[in-house]
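Positions annotated as repeat 'WD' by TrEMBL: 1-30, 74-108, 115-156, 207-252, 253-294.
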Amino acid sequence: MSQPSVILATAGYDHTIRFWEAKSGRCYRTLQYPDSQVNRLEITPNKQYLAAAGNPHIRLFEVNSNSPQPVMSYDSHTNNVMAVGFQCDGKWMYSGSEDGTVKIWDLRAPGCQREYESRAAVNTVVLHPNQTELISGDQNGNIRVWDLTANSCSCELVPEVDTAVRSLTVMWDGSLVVAANNHGTCYVWRLLRGNQTMTNFEPLHKLQAHNGYILKCLLSPEFCEPHRYLATASSDHTVKIWNVDGFTLEKTLIGHQRWVWDCVFSVDGAYLITASSDSTAKLWAMANGEAIRTYQGHHKATVCCALHDDLTLHGSGLTTIFAMSS
């Protein structure tokens, strides 16, 4: 199989993972995930593997293969796995689960290498760009920083007592962190370095983004600069795009018929992929906020999406293969 330049995958409650041609909208591969729904998808930095987080397993599939079988299974969580991600060179994976734990897995060895107790169902985990801190958010409203060097919790925050933190996102340069909750609110902090290596949170902004739940918040990637955006996906069926400079509303993406669970930017921030309970995923152009492709094929709620596209030299500067092929 020749590797597609843009890898786009979606999954959800119909027990399948689907791979799509991003431009045409054609589904070219379907994987069965019989054990449970799929809560989260993530592609390894080298584009070789796709991690699918379910209940309570994480399965690793080869991206560039016809094999329907996972190449590895990670099995020590005891409840829904709600977060999964990879360290920048792909040596280890992290996960967070409703069993109240955050775990670290060495991809070159079986079993879980480390475990951190959050004492409440973990909804979201992100890796700080410094690659030495994990930040988790849980159902009780706690945000915790796990210092991987000291192997301990270095910081705890509770932005709103007893209000579940649904999603966390960190700016690519480590300057900001945003937490989104069940009340439709985003809390924004500047991340400051103290005397030690520990990250300190300085409150910057409180944004009432939606009237419903925020299910995903996501800051734009490095190659979107100088523009900086925050995307918020909500149970109100919309995704809102906010300018990080002042947190003013830039656009509202309207088109999904049900809750929007997940979103992911293209590498240059020019496009956004969304996944919704209406069983579709959509591709949006950030320039005008229009939906330019709908990915139809799932039979139940689509709750997660993963995208890996490349930057390439083209004409006078960098552009994405996405843009070149559109």
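Placed from the backbone N, Cα and C atoms, the Cβ positions cover glycine too.
Nobody curates TrEMBL annotations by hand; they come from automatic prediction.
Per DSSP, the repeat 'WD' (115-156) is made up of 0 helix, 25 strand, 17 coil. When the repeat 'WD' (74-108) is classified with DSSP, helix, strand and coil residues number 0 helix, 19 strand, 16 coil. Taken residue by residue, the repeat 'WD' (207-252) breaks down under DSSP into 3 helix, 24 strand, 19 coil.
Mean pLDDT of the predicted structure over the repeat 'WD' (207-252): 97. Long-range neighbours of the repeat 'WD' (253-294) within the same chain, counting only residues 6 or more positions beyond its ends whose Cβ lies under 8 Å from a Cβ of the stretch, are 8, 10, 12, 14, 20, 22-23, 25, 40, 212-213, 215-216, 218, 220-221, 223-224, 227, 229, 231, 233-235, 237-241, 300-307, 309-311, 318-320, 322-323, 326. Proximity of distant same-chain residues to the repeat 'WD' (115-156), defined by a Cβ-Cβ separation under 8 Å and at least 6 residues beyond the stretch ends, is recorded for 79, 82-83, 85-88, 94-104, 162-170, 172-174, 177, 179, 181, 191, 197-201.
Under DSSP, residues within the repeat 'WD' (1-30) fall into helix, strand and coil as 0 helix, 15 strand, 15 coil.
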